[in-house]
Amino acid sequence: KAPSGKMAPSHVLRCCQRGLAWIPVIFIALVVCWSYYAYVVELCIFTIPSTGEKIIYLVVFHLSFVMFVWSYWKTIFTRPVNPSKEFCLPKAEKEQYEKEERPETQQEILKRAASSLPLYTRTGAGAIRYCDRCQVIKPDRCHHCSACDMCVLKMDHHCPWVNNCVGFSNYKFFILFLAYSLVYCLFIAATVLQYFIKFWTSELPDSHAKFHVLFLFFVAAMFCISILSLFTYHLWLVGKNRSTIEAFRAPVFRNGPDKNGFSLGFTKNIVQVFGDQKKYWPLPIFTSQGDGLIFPTRLVTTDPEQPTVVLPPNSFSDEVQQPSPPSESQNRLLCDNLQANDHLEIVTVKSGKP
């Protein structure tokens, strides 16, 4: 009875935390609902006199509104992806790891278990990255989120405004959410401005629409400024093929930290997030390349732990570090890059599959 009594408060606390975590999302939803009412009803129906202007504003407004809500919804409700079972320690190694007290021996156990896994990054001390909480060996670019209490593939950050982790499964949706929210706010601010000035200078008579129009412009302008800086920053991250975590702390490879270790060039970096079919880029549907477990890696220096294979004379380089055949996702990312980089050694990690 005693243990269950101790667990009950903890369970209640977690439920309360999960409930409170939805407050920012509810706040955004309420602001969006009010902005819809203020723009459609108070501005377009009651304030704008021209029928043609009303129709044009309403059509463009609803297009931006639908894309904004769609991308926001996908960002919130797309679950983060966890490492697959192959990254869990086998039962025997797990028991041995838990019984062992010496860190050196624990690392030897992890190294044996990770020898066949597609791993390339290490901790700052050069050790295998292992999550004691989730009891998994972390794939490259994977991190543990304390808010979600799970390891997330290619974790970027935990965003309270979507109450979700932004990572491999929904990073494209997050970028589109920022883009369409910026378009939504800019369109509102631009079209409301003239009526804001008219109400402010008393050119239009006071009415119940005045408060909504004035406040709508202030809110749209405020969100424009905050979203623009965040959107610009994440576009820069996409171009560099870095996550927010990697921007603050460079990933550590066997040869040391390298902030550009995952960069394949501007075009390839964008394609890795948005996919190779440009017609799907504006849509919040999943088109990112890869599986979140394996990422093509370009390094300037050689890796002593990777075998070196001499390729035929027609290849792009005399000696290239190339483990066993790369995965399909790696081939899509590197097929053109191999011909364009004659003097760089391009490394792909092993998939660990037969």
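Using the three backbone atoms N, Cα and C, a Cβ is placed for every residue, glycine included.
Please treat TrEMBL annotations as automatic predictions, because they have not gone through curation.
What TrEMBL says about this protein:
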- 129-248: domain 'Palmitoyltransferase DHHC' (DOMAIN)
- 20-39: transmembrane segment (TRANSMEM)
- 55-73: transmembrane segment (TRANSMEM)
- 173-197: transmembrane segment (TRANSMEM)
- 209-233: transmembrane segment (TRANSMEM)
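Of the two recorded stretches, the transmembrane segment (209-233) does not lie close to the transmembrane segment (55-73), with fewer than three CB pairs under 8 Å once pairs fewer than 6 apart in sequence are set aside.
Residues of the same chain lying 6 or more positions beyond the ends of the transmembrane segment (20-39) and with a Cβ under 8 Å from any Cβ of it are 61, 65, 68-69, 72, 76, 147, 160-163, 188, 192, 212-213, 215-216, 219-220. Shown for the domain 'Palmitoyltransferase DHHC' (129-248): DSSP residue counts in helix, strand and coil, namely 68 helix, 16 strand, 36 coil.
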